Every structure is written in C-alpha cells, then in structure tokens.
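Trainee: My questions will all concern the structure given below.
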Amino acid sequence: MMQQLLALVGALATLILTQHAEGTAPASPSPVEISVLRDCIAEAKLLVDTAYNHTQKSIMQRLRSGSASPMDLLAYFKQPVAATRRVVQAADYMHVALGLLEERLQPRGSRPFNATDVLTEPQLRLLSQASGCALQDQAERCSNKYRTITGRCNNKKHPWLGASNQALARWLPAEYEDHRSLPFGWTPGKRRNGFLLPLVRDVSNQIVRFPSKKLTSDRGRALMFMQWGQFIDHDLDFSPESPARVAFSMGVDCEKTCAQLPPCFPIKIPRNDPRIKNQRDCIPFFRSAPACPQNRNKVRNQINALTSFVDASMVYGSEVTLALRLRNRTNFLGLLATNQRFQDNGRALLPFDNLHEDPCLLTNRSARIPCFLAGDTRSSETPKLTALHTLFVREHNRLAAELRRLNPHWSGDKLYNEARKIVGAMVQIITYRDFLPLVLGRARIRRTLGPYRGYCSNVDPRVANVFTLAFRFGHTMLQPFMFRLDSQYRASAPNSHVPLSSVFFASWRIIHEGGIDPILRGLMATPAKLNRQDSMLVDELRDKLFQQVRRIGLDLAALNMQRSRDHGLPGYNAWRRFCGLSQPRNLAQLSRVLKNQDLARKFLRLYKTPDNIDIWVGAIAEPLLPGARVGPLLACLFENQFRRARDGDRFWWQKWGVFTKRQRKALRRISLSRIVCDNTGITTVSRDIFRANIYPQGFVSCSRIPKLNLSAWRGK
C-alpha cells in the first residue's frame, strides 16, 4: 500500500511540474464543480502528509542507526520547522491540489493549462483557505512598542512586509524552463537563450577549482570579516528545502539512485571529473520549499523563514515558539537560556537542542555532544559560527543584568525587550558602520548607500531572492582551516589548525577543546582568504564538504549554482542590466568586463553566451572595486538590499523615537571588539576587528576599547 501511495505521489509531483508547451493555446476545460475542488484538496493533503511523514521517518532512522549522509545532516538544518513547516505545507497542499485539478479537467490530447485561470474568485478563496495559505494574509492591528519576533507590524500599512515565512521579493521575473516552476537544466536537451546549460559541477571544476599553492591570504581583511558576513546573512534569510526529500515514485531514495524526480534535482557528474570517477554517480540536491502562490500567479517562488530586517533574529529567533524556548523561564530577569551541563571557563554556553536523534552526535560518537539551540537553526554549522552566537547570548544577558541593576523595578519582559533592542542596534551599527564599508569600499558606500534620512513606509524591506545567492560571496573568503590561538595569539595547541572539512556540525569541539576564546582569537588574528579570479573556493568546500560522513563530499560551488537554477534566477546579463551595467555579448566585451581574457574564454566555452552565466559564479568572478571585496554587480545588489533593510525598518536604531538622543550617543561607542572584551577571557583584542592584523600589530588592551554607558537607560 505504501509503495503504491508513494508511486502515486511521484506521478503527481511529475504532473505538477509539467510545463506550458510553446505553440497553440490550450482547449478550454469544463467549469469546475465545488465537489471536484474539495476532492482535489482532500487528496492533496493525504499525498503531501504521506510524503512528509515518509521523509521524516527515513531521516530519523538513518540518524538513529548512525548511517546518515551529509545530505541528511544538511537536510536536518534545512528542514522547515514549526510555523515555517506549516507555511510550506500549505503551499504544497495548494500546488498539489491545483495539479490534481488540472489532471481532471484537461481535455484529452490538449496542451496543459493553468487551473487558476478557470477557478472563480470564491473557488480560489476556498482553495486558499482549505490549504492554509489564506491564514498568512490575515489582517491585524499594529500597536506594538517593540519589534515583534516575527517582524510583523514593522510596516503598519502592510504588516506582513519583511515578516518571517513570507515569499522572497523578486526584483526581476523568475526564469523557469516552463515559465512556471521547472528549473533550467531539468529537461535534457532544453536550451536557454538558444544554448544548452553546462553542468554546474563542470563549471565548478573549470572556473572555481584551483591548486592549493595558489591560495592568497587577504592582507586587508581578517577572518572575522568573513565570519560576520555569515552571521549577518543568518539574520536576514533562510530558504528551507522541501520537507519531502526522497523521490516519491516507488519509494526510490534519490541519494542512492541519482533519480531526477521531484523534489530531487541531483547534480550530475561531467566526464573526466578530477574526483568522482563514476559518471553515473551524482551529488544529491533537493529543491527549496515553495511559497504559497500569490493571487493567480502560479510561478514558483521561495520563502524566507526569517525576518528581513537587521534585527538580531539569529539570536532571538523569527518565530514566537522558538523565542520562548530561547528565554530563561526559571526566573523573571529577562535572560536568555544557557547550557546547564557545561560552561566555558565559568562563562555561559548555548543550550543544547535536546533532540533524540541529533546529527551533531555523528561527528564524534564518543563525545556525545548534541547540537546547540539558538535563534537560527544553523548555529552549529561550524564552531566559528557557534562562537558568535555564544558571544551575543552572553552580551544579551550582560545587558539584562546591568539594566536590572539600574532599574530594579523593571519586569522580566521589559528587561528582555530592552536588552534585545540594544543588541539589535549593535548588530545594525557593526554591520553598516564597520562591515559594509569594507565590503563595498568606503568611498562608494558614502556615495550610494548614503547617510540615514529616516524611515519610509513605502520602501519594501523584503530580502530579494537574488540576494540569498549573491550574499554567498563570503564562501570565497574561507580559509581551508579553523584556527585556534592561545592567550598570546600563538598556535600552540595540538588542534590549532583543524581542516574545515572536520569542523562541520562539530559542537563537541566547543565543549571539549577550549571553548570559544581560542576561536575568536583565530578569527581576529588570521587573515581571510582573498578572492581572486584564479582561486575562488578552497577544496575543503568544493570537494570535501561534509565528507567526514559520506563517500562523496559535497561541492559548495556547484550547490550554489544549482540553487540559483532551482530558484529561477535570471542569468548574469539580466542582473547587469538591472544594475545599469553593460551587458557583454562576446569574448571581447566579456574580457573587458572581467579584465581577464582567459577567464572570459573559459566562461564562453562552458556557457556559450554571457546571458546564461549563473549569477553566483558570474558575480564573484568580477574584478574587485577599489577598497572593496566585491565587483560592480555584487556592490549594486548589496547596496539595494541593505538600503531597503535600513530605510524600510520602522525600528531602525537612528529613527527618531526609537532611542533617546542620549542613548543614540552612547550606542555610537559600541564595537564588536568591546563585546568580545565584555564576554570572554580575552584581554587583548584587535582594535579594527574586521581588518587583517597580525598580532601584536593592531591589537590593544581591552582597557583602551570604549565601553557602552547604560546610564542613559536609567529610569526609562
């Protein structure tokens, strides 16, 4: 019975992705009876729920048996949970119900049609309500004094703008094979702009790959610069993958068979691959979960599970249930919860997630250390990322304790909200004052992003779909090791240089190998990798990602390019046009844009036209702007996104009325260096923490780093 049901789901999923064919208009289907629509909705719910349950049981079984692959680990952290899962489930109900309806109504032998074109407005409302999509658009009164956890009511006119679990913004229309949902590269022989797309693994091999001897360290940026980029990215966006991670047809495990069946979109292996010799093998890949269709628009979009604001949601969460779990509910002091089993030299660590089958346990079975719990599910991805999460939980609790000393009459909720508000402002200041000028170049950011001029309710603050790929530029700055340094900034410990491929999901390294101080010193005193056109991504990420638990390590570059196709993102030239930049058409023009004829020739040998170059690889290949770590295209996209996140935020720290004048003056003195000083055993820090400094040059005593004076919060 289960096999038959899974087979039916597989056939249905394939049907849903059937594309609009080019040519004559479809024949008109019969009117839709309410009973037929209700039947389709009921059947869709059964199919979706069965697929979800089958997938969840399979992953749990592999985790329990210790046979989980890296894709299972990735799946665990990319799975939608709580409210996000309900939103994704609603979208799947609707997509599947529409697919069933099209199957029933389509005249035999006619071309496919769009079911939403023949449904009446009451029928569309019924479908939206029955699926759960309508619940996401409920009106509400906005009278909140503080930011909501979900980001709702930031914009009083449109309360859902920038809120969690909403569709990503589209700055350009999506481009799919079938104009609706099929990614380019799905159908063999299907052309894009007149040419076949190269395999993403082939692009990774020929453009991104480089010998380790060519690695160049960045003399101007520290590894902390790279790490803050990932931290802030996890504040802004997260597009979860489909909860159904096995091919439905006949219960096939597409990680074992490389079957291309929804939602599996495996990365194929080219001939003469330098590492994977079996061309019939693949790198598993699963599509991002869809968003609920908007109005009659059935073009696939993806959701952002996080708030779109720079609001420290990676510390506090983007869902109310998670935010409550993260708080210390044993007292009324406004504190965040911390670990009850372990400490870091007397200082707090993140609490454990307390899961029964924990993927972090697989990285060291004898250590028995589970994953940590934080505002973002990816906090245990690497110890470096965990270190920043830990740092800001400690800072919140430090602020809450100090605010209570100043205001003993404040309630626990007020202490929590005021400390959260300050931490949010800190993240905004560090990002816009210290980080972005080093990304974009100080001269350019003054000219393009400009000073803050106030809140504008007409600005759409939502994270753009393209930004979720473009901001992965930070992958090019990762060194192949995690560096840990002692109190004298020496690499004296036995595990001071750990290969990057050995630290993924290794929460045990925080507990049993010295805590976060050595990691933070390593981030401050080690230069980032410099992104160069002949050395883009280290092999620890390109060939060995999660290799410790799988026969084939994943390829992060290939995953990024496959994801851009999955999301229906337009190609390189479309984004150049969006930014008002030239659109190269031939070798000579692309050579001028890249200032590199050999690289341009490689691109055209693979893609045939610059129009088809995948946005991530095309953007990171551009020459860096003066004083920046990105080229013109990424600079344009980042400026656009970060301007929207600032000007469309009703709770921006500089907005009149959010903080008092005295409080704003006090906040201007904060720094990431000071946060390190206040919450660790480190006594000597980098003054300019994102710039490359080789100890002791550029390092000062914590006594010389300005402190935040909280007296402006007394009696507020």
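Using N, Cα and C of the backbone, Cβ positions are placed for all residues, glycine too.
Because the structure is a prediction, the values reported are computed rather than measured.
OK, Swiss-Prot features for this one:
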type     : residues                               : note
ACT_SITE : His234                                 : active site, proton acceptor
BINDING  : Asp233, Glu381, His475                 : heme b binding site
BINDING  : Asp235, Thr307, Phe309, Asp311, Ser313 : Ca(2+) binding site
DISULFID : Cys142-Cys153                          : disulfide bond
DISULFID : Cys254-Cys264                          : disulfide bond
DISULFID : Cys258-Cys282                          : disulfide bond
DISULFID : Cys360-Cys371                          : disulfide bond
DISULFID : Cys579-Cys636                          : disulfide bond
DISULFID : Cys677-Cys702                          : disulfide bond
CARBOHYD : Asn53                                  : N-linked glycosylation site
CARBOHYD : Asn114                                 : N-linked glycosylation site
CARBOHYD : Asn328                                 : N-linked glycosylation site
CARBOHYD : Asn364                                 : N-linked glycosylation site
CARBOHYD : Asn709                                 : N-linked glycosylation site
MOD_RES  : Tyr489                                 : 3'-nitrotyrosine
SIGNAL   : 1-18                                   : signal peptide
SITE     : Arg378                                 : site 'Transition state stabilizer'
Trainee: Round to the nearest Å and give the CA-to-CA distance linking Tyr489 (3'-nitrotyrosine) with Thr307 (Ca(2+) binding site).
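Mentor: Between the alpha carbons of Tyr489 (3'-nitrotyrosine) and Thr307 (Ca(2+) binding site) there are 37 Å.
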Trainee: What three-state secondary structure does DSSP assign to Ser313 (Ca(2+) binding site)?
Mentor: helix
Trainee: Using all protein chains in view, find how many other C-beta atoms are within 10 Å of the C-beta of Cys264 (disulfide bond).
Mentor: 25
Trainee: To the nearest whole angstrom, what is the C-alpha distance linking Cys371 (disulfide bond) and Glu381 (heme b binding site)?
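Mentor: Cα-Cα distance, Cys371 (disulfide bond) to Glu381 (heme b binding site): 9 Å.
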Trainee: Can you tell me the three-state DSSP label for Tyr489 (3'-nitrotyrosine)?
Mentor: coil
Trainee: For the binding-site residues listed here (Asp311, Glu381), which one has the lowest count of neighbouring CB atoms within 10 Å of its own CB?
Mentor: Glu381
Trainee: List the residues in the vicinity of the Ca(2+) site, defined as same-chain residues other than Asp235, Thr307, Phe309, Asp311, Ser313 with C-beta within 8 angstroms of the site's C-beta centre.
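Mentor: Counting only non-site residues, the set is Gly151, Leu236, Leu306, Ser308, Val310, Ala312, Met314, Ser318, Gly424.
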Trainee: Take the C-alpha atoms of Arg378 (site 'Transition state stabilizer') and His234 (active site, proton acceptor) and report the distance between them in angstrom, rounded.
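Mentor: Cα to Cα, Arg378 (site 'Transition state stabilizer') and His234 (active site, proton acceptor) are separated by 8 Å.
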Trainee: Over all shown protein chains, what is the count of other CB atoms within 10 A of the CB belonging to Asp235 (Ca(2+) binding site)?
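Mentor: Taking every protein chain into account, the count is 27.
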Trainee: If one measures from the C-alpha of Cys282 (disulfide bond) to the C-alpha of Cys264 (disulfide bond), what distance in angstrom results, rounded to a whole number?
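Mentor: One finds 11 Å between the Cα atoms of these residues.
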Trainee: Between the recorded positions Asn114, Asp235, Cys264, Asn328, which lies closest to Cys636 (disulfide bond), Cα to Cα?
Mentor: Asp235
